[in-house]
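Residues annotated as [4Fe-4S] cluster binding site in Swiss-Prot: Cys575, Cys584. According to Swiss-Prot, the feature chlorophyll a' binding site maps to His677, an assignment based on sequence analysis. Annotation source Swiss-Prot lists chlorophyll a binding site at Met685, Tyr693, citing sequence analysis. Residues annotated as phylloquinone binding site in Swiss-Prot, with sequence analysis given as evidence: Trp694. The annotation transmembrane segment is assigned in Swiss-Prot to 73-96, 159-182, 198-222, 294-312, 349-372, 388-414, 436-458, 533-551, 591-612, 666-688, 726-746.
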Amino acid sequence: MTISSQEQETKKVQVTVDKNPVATSFEKWAKPGHFSRTLAKGPKTTTWIWNLHADAHDFDSHTSSLEEVSRKIFSAHFGQLAIIFLWLSGMYFHGAKFSNYIAWLSNPTAIKPSAQIVWPIVGQEILNGDVGGGFQGVQITSGFFQIWRASGITTEFELYATAIGGLFMACLMLFAGWFHYHKAAPKLEWFQNVESMMNHHLAGLLGLGCLGWAGHQIHISIPINKLLDSGVSPQELPLPHEFLVNRELVSQLYPSFSKGIIPFFTLNWNEYSDFLTFKGGLNPITGGLWLTDTAHHHLALAVLFLVAGHMYRTNWGIGHSMKEILEAHKGPFTGEGHKGIYEILTTSWHAQLAINLAMMGSLSIIVAHHMYAMPPYPYIATDYPTQLSLFTHHMWIGGFCIVGAGAHASIFMVRDYNPAQNYNNVLDRVIRHRDAIISHLNWVCIFLGFHSFGLYIHNDTMRALGRSQDMFSDTAIQLQPIFAQWIQNIHSLAPSNTSPNALATASYAFGGDVIAVNNKIAMMPINLGTADFMVHHIHAFTIHVTVLILVKGFLFSRNSRLIPDKSSLGFRFPCDGPGRGGTCQVSGWDHVFLGLFWMYNSLSIAIFHFSWKMQSDVWGSVTPAGTVSHITGGNFAQSAITINGWLRDFLWAQASQVIQSYGSALSAYGLIFLGAHFVWAFSLMFLFSGRGYWQELIESIVWAHNKVKVAPSIQPRALSITQGRAVGVAHYLLGGIGTTWAFFLARIISVG
């Protein structure tokens, strides 16, 4: 039944804590495995160390109390924040002490960013390359210099101050993590009070966060950047606080500042249009978004989130109730709708985490695509190594988060799902027609795989036979991505109707001019053709297979026709016991394991597509006469339509820089390229191995030790099947990521 507003109001929100619930004891923590009765007894076999790592953060296995688990997670979040602040502080400190930031600031197009100087011990100083301006160091590709410029940082002193601030925040977070677990730990109802949490996160985190950044941009960044853009040297600029306290200073740059806040309260908001703009496009001096546009954007978001932060009903009997919304959410084909989902999301943190990981992972991938289409910071678009690094980084982060969503969805199904509380709701109905979902998804994967790969096989065959007129290409049988081209066209034409005062389209990827900074291309229209159409369908194929594996793992994690009692076997198990062959790799854990390989496939092709497409069709230079020349001279359209083209003109041709890097400042990438290949190959030893083989080997080695009376007291054991797979997939991905990283950076630092 729905609770009325009056009844809701009687349930007052209170912040309740338990005082001193858990003693602070270094003696206890010093004991390995203190969280588990079995592990605390110490090692009998080498399996103990594996179980120690597997269970240390599996709070469900430490206690069955949801309140205690919630407190541990809450406390761990503060620890995570402390690490992030410490890392950030280190980045800012390096910028202050070891970088050429000030030199870069005065000439960002000719000088490359560096914030790491390798000390000479046994000749590593070869890695300190000449980055311009007489500075020797390792070129960095993190984008920190560009974000510092956008923040209005112009001196090393400001970087030091921020680094100290980061250290202070890290200490504060560590203290908070200890305090809220050992001294004043919130009660379970505080963690389950979703309306209050939504209000505070929306209004506080997002609303005030956006407002703070908008305020900083308006008062500090925009005036400083305007002066830098007009050629004022960083040394001549006033200190940032001058812009805050001296209104005259800013009024010279933005006249509306002289009017103060009167236009705001008299609703003449148009007065502020000199620093809150709606220009669209990119600043031609920096190749980044107009900072006055981004300030406007964050101010608008702040208003939006501050309003949204008053949306949910807490102590005042007004606003939405999450439970009511979910239970009212019924459709003609959805039975009980979302009845029971509220209870799931307030009692299963795995279910909550699965949704959050899927959302944040997708958001990270969206960020990757916006970072190059609408470069947010000054001079980031012309720093090709940074652009490539940030795209790759956000794609990887997104992929891991999405696979993590599949993992925690399966853990929820095994550990937290209660069939009795979920009768005929959407979740139950999805699980009941899972066969239809999985078989259809499987059909889609087979269709996409055969057709997309078939187009490539056809092209390779025709090219081998010398029948180029029979190939799918822009010059023979065209497969133009007409829908994508239509969307591009709409987006390039739309601003003239929807925002007539805008100077340009939102992104030059859709159409418009070539934006070049110092004759180096920042962004330009990205033409799509047959090659993009073909690669796109490979993307569709690999993504659908990844989804198939993860969704099948989640939907069949409790039971299947093959193993009806899967839920009693747990989240990870090797098979259904002796005497049941053919039941390997069916656990929820194994689906995550398999999903990781396909996630790797998907993302490799996506980042390869991006890297080659940008070098071929976007990145390059413009001559004074206006002739555009690209790094690889537009070879994508004709080469990316065959498998041989990908192998020869992308992988092999662009690997020359990393392979020939020895003896140069890029030699570290050559070594990483080699070493990461070895790490990847090492993974195969675990992925193709049989456990019995190793156990036999171990036993003969133990016999030899006994013979010479040096037998170990801890009995050696071969890795379990699951442990072997975990080591295998970890090295497979680490090796693959390391190889790609070295390949990309050696290439783009050389030619970019």
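Placement of Cβ uses the backbone N, Cα and C atoms for every residue, glycine included.
Remember, it's a predicted structure, so these values are computed and weren't measured experimentally.
Taking the features listed in Swiss-Prot, we show where each one sits on the structure.
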residue : record                        : contacts (Cβ under 8 Å, 6+ apart)
Cys575  : [4Fe-4S] cluster binding site : Thr583, Cys584, Val586, Ile721
His677  : chlorophyll a' binding site   : Gly735, Thr739
Met685  : chlorophyll a binding site    : Gly728
Tyr693  : chlorophyll a binding site    : none
Trp694  : phylloquinone binding site    : Ala718, Leu719
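Distant neighbours of the transmembrane segment (388-414): 141-143, 344, 348, 350-351, 353-355, 357-358, 360-365, 367-369, 371-372, 546, 549-551, 553-554, 557-558, 566-567, 570-571, 588-589, 591-592, 595-596, 599-600, 602-603, 606-607, 610-611, 614, 737, 740-741, 744-745, 748, 752; these residues of the same chain sit at least 6 beyond its ends, with a Cβ under 8 Å from one of its Cβ atoms. All protein chains included, Cys584 ([4Fe-4S] cluster binding site) registers 13 other Cβ atoms within 10 Å of its own Cβ. The secondary structure of Tyr693 (chlorophyll a binding site), as reduced to three states from DSSP, is helical.
Only residues 6 or more beyond the boundaries of the transmembrane segment (726-746), in the same chain, are considered here, and those with a CB under 8 A from a CB of the stretch are 141, 385, 388-389, 392, 396, 593, 596-597, 600, 604, 607, 611, 654-655, 657-658, 661, 666, 669-670, 672-673, 675-687, 719. Mapped onto three states, the DSSP output places Cys584 ([4Fe-4S] cluster binding site) in coil. Look at Cys575 ([4Fe-4S] cluster binding site): DSSP puts it in coil.
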